[in-house]
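Annotated in TrEMBL:
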type     : residues : note
TRANSMEM : 12-36    : transmembrane segment
TRANSMEM : 48-67    : transmembrane segment
TRANSMEM : 87-105   : transmembrane segment
TRANSMEM : 111-132  : transmembrane segment
TRANSMEM : 153-171  : transmembrane segment
TRANSMEM : 183-204  : transmembrane segment
TRANSMEM : 225-248  : transmembrane segment
TRANSMEM : 254-276  : transmembrane segment
TRANSMEM : 288-308  : transmembrane segment
TRANSMEM : 314-341  : transmembrane segment
TRANSMEM : 353-374  : transmembrane segment
TRANSMEM : 380-402  : transmembrane segment
Amino acid sequence: MLQQNPLAAKPSPAAVFVAVGGLYVGQSVIGGLTFLGLPAVLRTAGLPLDQIGLLYLVVLPWALKFLWSPHVERYRLPPVGRNRSRIIVGAGIATCACGLATLAFTGPSPVSVAIVILSVIALVTATVDIACDGYAVETLAAEHHGWGNAAQVGGSYLGSAIGAGLFLVLVERSGWTSATLVMAGLVILLALPFLFGPAAKTVAQTRDHLPSIRNALKRREVRTGLLVAAVYVAAQKWGLAMLGPFLVDYGFDLATIGALNGVGSMIIGFAGALLGGTLVRLYGASRVLLVAIFVQTALLCVFAYFSVHRDVSQWVVMAVAVASSSGIMSIGFVALYACFMGWSDPRQAGVDFTLFQCMDGIVSMAGGLGAGAIAEKFGYQASFALAAIVSVLAAPVIFLLMRRQNS
């Protein structure tokens with residue numbers, strides 16, 4: 001990707017893990033608030049499910065960030081000069097914090113206003129993510145890429161625990177404004193290790209490669225990988241798009257959902273990420289992806305049962321919810337993102353990796369919008385059952401695509 005200055009010492013891997021890990025946690029705080037915390041708040045306020053599903057429009061910048069990823073990379077890595085990752089991250093984090101502060105005072109409704117504010121925040125956060133991913137890939141040696149991926153996945157679950165767990169507890173106890181302002185402050189604090197760590201100590205370098213989307217799409221690994229991403233995300237995420245509203249309608253209060261989601265993400269999700277990494281090393285990514293799909297299918301069927309039989313204990317329902325949204329999800333996505341890293345061209349890893357992430361975002365957005373409309377019109381049972389059917393059909397497709405990638 002660039003010509004390294006042989007006299008420039010690379011920062012320690014631990015420093016890079018802490019720096020990028022903080023950014024990944026901060027990004028997921030915003031994501032957890034948007035897609036898990038806010039839907040529960042809105043449902044408690046009595047909003048219909050189809051309106052809540054509109055929140056998934058906020059995924060749009062994440063789905064389209066591949067369009068400007070080459071421009072971000074070219075600015076971040078000029079032909080001659082210092083790495084500009086710190087500039088991009090600093091400006092982006094400040095903008096995100098201001099956006100959350102604005103949302104704190106405008107409130108969660110009307111939904112249209114919240115969607116506009118969160119979409120601007122998502123646009124900025126997606127741009128910061130391009131710089132963060134590129135910095136991690138270029139700074140870490142190949143033998144440390146696995147730990148970098150663990151920082152990303154583990155950070156995402158820790159951030160979700162804060163955005164969907166701590167946030168809901170604070171909303172219940174202190175109100176919307178205070179809870180959202182706390183989230184804005186946390187986003188700033190989590191970025192400090194990056195802004196004042198190794199990213200602040202870069203040296204001038206000469207670079208001779210210009211990243212481009214065209215070069216990425218010329219490679220079969222990328223084209224097939226995009227199909228794998230689309231099918232797998234549909235199998236894993238579509239069924240869980242309305243999980244927060246379902247738990248509210250089942251009788252859970254926000255504090256309980258927040259506390260249990262937080263514990264689930266921090267403990268079960270992080271443990272699942274570590275277990276997923278181990279399973280990938282032992283059995284390969286293909287097997288882990290398929291097992292995760294089959295288990296998720298079974299759990300979606302259980303959710304369909306819960307939606308009809310409301311006499312099941314709340315603790316049983318929450319245990320299944322945590323296992324599905326934190327445990328199985330984290331195991332499967334560690335395997336998927338490990339594949340993304342392997343399929344990315346090191347010379348333009350930021351662009352390639354962004355393409356895979358964008359496919360994740362596009363499919364997630366479509367599933368969220370569709371799940372909200374289906375659940376509102378036909379009920380939760382139809383939504384969960386249809387998602388289970390999609391998961392069953394996805395398994396053989398994933399098997400064939402992965403066999404093609406490995407051939």
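Cβ atoms are placed via backbone N, Cα and C, with glycine included.
Nobody curates TrEMBL annotations by hand; they come from automatic prediction.
The recorded stretches the transmembrane segment (87-105) and the transmembrane segment (183-204) share 3+ CB pairs below 8 A when only pairs 6 or more apart in sequence are counted, and are therefore in contact. Against the transmembrane segment (12-36), the recorded stretches 111-132, 183-204, 353-374 differ in Cβ pairs under 8 Å, and the greatest number is found for 183-204. Comparison of 153-171, 183-204, 288-308, 353-374, 380-402 by number of C-beta pairs under 8 angstroms to the transmembrane segment (48-67) places 353-374 first. Same-chain residues lying 6 or more positions outside the transmembrane segment (225-248) and placing a CB less than 8 Å from one of its CB atoms are 36-37, 39-40, 43-44, 49, 52-53, 56, 164, 254, 257, 289, 292-293, 296-297, 300, 303, 307, 317-318, 321, 324-325, 328-329, 332-333, 336, 339-340, 343, 355-356, 359-360, 362-364, 367-368, 370-372, 375, 380, 383-384, 387-388, 390-391, 394-395, 397-398, 401-402, 405. Remote same-chain residues near the transmembrane segment (111-132) are listed as 20, 23-24, 27, 30, 34, 38, 42, 47, 51-52, 54-55, 57-62, 65, 68-69, 72-73, 76, 85, 88-89, 92-93, 95-96, 99-100, 102-103, 194, 350, 354, 357 (criterion: CB distance under 8 Å, separation of at least six residues from the stretch ends).
Highest Cβ contact count with the transmembrane segment (153-171) among the listed stretches 288-308, 314-341, 353-374, 380-402 falls to 314-341 (criterion: pairs under 8 Å).
Here the transmembrane segment (314-341) lies next to the transmembrane segment (254-276) in space: the count of CB pairs under 8 Å, restricted to residues six or more apart, reaches at least 3. Through the fold, the transmembrane segment (288-308) approaches residues 232, 235-236, 239, 243, 246, 250, 276, 279-280, 317, 320-321, 323-324, 328-329, 331-332, 334-336, 379-381, 384-385, 387-388, 391-392, 394-395, 398-399, 402 of its own chain, all at least 6 residues removed from its boundaries and within a Cβ separation under 8 Å. Listed as Cβ neighbours of the transmembrane segment (380-402) (distance under 8 Å, sequence separation of 6 or more from its ends, same chain) are residues 224, 227-228, 231-232, 234-236, 238-240, 242, 246, 249, 285-286, 289-290, 293-294, 296-297, 300-301, 303-304, 307-308, 371, 374.
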